[in-house]
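As structure tokens, the structure follows; a few thoughts come after it.
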Amino acid sequence: MAPPDAGAAAACGARWVRRDTLLGLALGQFVSLLITATGFASSELARRGINAPTSQSLLNYVLLAVAYGGVLLYRRQPLTIKWYYYLILGIIDVEANYIVVKSYQYTSLTSVMLLDCWSIPCVILLTWVFLKTKYGARKFLGVGVCVLGLILVVFSDVHASDRAKGPNPLKGDLFVILGSMLYACSNVTEEFVIKKSNRVELMAMLGLFGALISAIQISVLEREELHSITWTSGAVLPFLGFAVAMFLFYSAVPVILKLCGATMLNLSLLTSDMWAVLIRIFAYHEKVDWIYFVAFAATAGGIVLYSYSGSNEVEETAQVAGASDEHGKGRDEEAGTRNPA
């Protein structure tokens, strides 16, 4: 009877993988819409001459610290990971948000959204080196095509600067690339932490240290900028919209990292490019350079190449994503073997 039971367990596991993968994809599209909303809010503030990127993120960190910190205090559980790891994660995350939001002062919304795909090869390299995630040749080819789309965006902004919005598109593009590298470090670190700890602790500590670091940075870099802002509804609403969208984004990201990993999260975020183009055309009534559409086609083709995989690759990805759960089950099985009663 053992072989049939093992086969049934394998079939059940395969169904579980498919169900979790679909859930991860759905959540990926949800956070993609949230990222588009944050981009729209940042672009609106930049159009109004408001340049306070750290201040935009402060309210998000405060919401995280209050919401998840309250749950953590209620549970009265000790930290499972040393506090200084969360401090390092907070520094990386705050500076990544600062640099990317700053880029809206120099380049267009569409360029920022498309250039975010640079985080994908960075995530793959980091997960391959530190988390021992395995990737096939087809996945590397898909990433290469995505990077080709990134190169086309930079080429468009350099050679068509009269059509690209912003005083210095090349500088803005470089800011986005640097911010994407920091986002990759942040996402991979969060994936590692969420497998060792839990979502509530991660969000509470990230919110706490993120708020403290943001407050210090605001007092040094943005104090005068905040005093010069005329707080009308046109300035307050984008600030609040950015904070709420980021809070929901941060709350959903650990779930996706647990189910699918950092690479699939960043691939899912690439669909925000489509929404960014629609916003630029219909909300801002701007003309989009034809190279953007070629770049988007290249990016979409890279996603298709990366996403297409055999059953072995799907199972392998799921095993990596659920490594901590498997270790826990293994320990339970060993205890049951030693104590049959």
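Including glycine, each Cβ sits where the backbone N, Cα and C put it.
Bear in mind that the values here come from a model prediction, so they are computed numbers and not experimental data.
As annotated by TrEMBL, transmembrane segment applies to 26-46, 58-77, 83-101, 113-131, 137-155, 202-220, 235-257, 264-284, 290-308. As annotated by TrEMBL, region 'Disordered' applies to 317-341. Taken from TrEMBL, the feature compositional bias 'Basic and acidic residues' applies to 324-341.
Remote same-chain partners of the transmembrane segment (137-155), defined as residues 6 or more beyond its termini with a Cβ less than 8 Å from a stretch Cβ, comprise 111, 114-115, 117-118, 120-121, 124, 170, 173, 177, 270, 291-292, 294-299, 301-309. Sequence-distant contacts of the transmembrane segment (58-77), counting only residues of its own chain at least 6 positions beyond either end whose CB sits under 8 Å from a CB of the stretch, comprise 94, 200-201, 203-204, 206-208, 210-211, 214-215, 218, 239-240, 242-243, 246-247, 250-251.
Among residues of the same chain six or more beyond the transmembrane segment (235-257), those with a C-beta under 8 A of the stretch's C-beta atoms are 24, 27-28, 30-31, 34-35, 37-38, 41-42, 44-45, 48, 50, 55-57, 59-60, 63-64, 67, 187, 190-191, 194, 199, 202-203, 206-207, 229, 264-265, 268.
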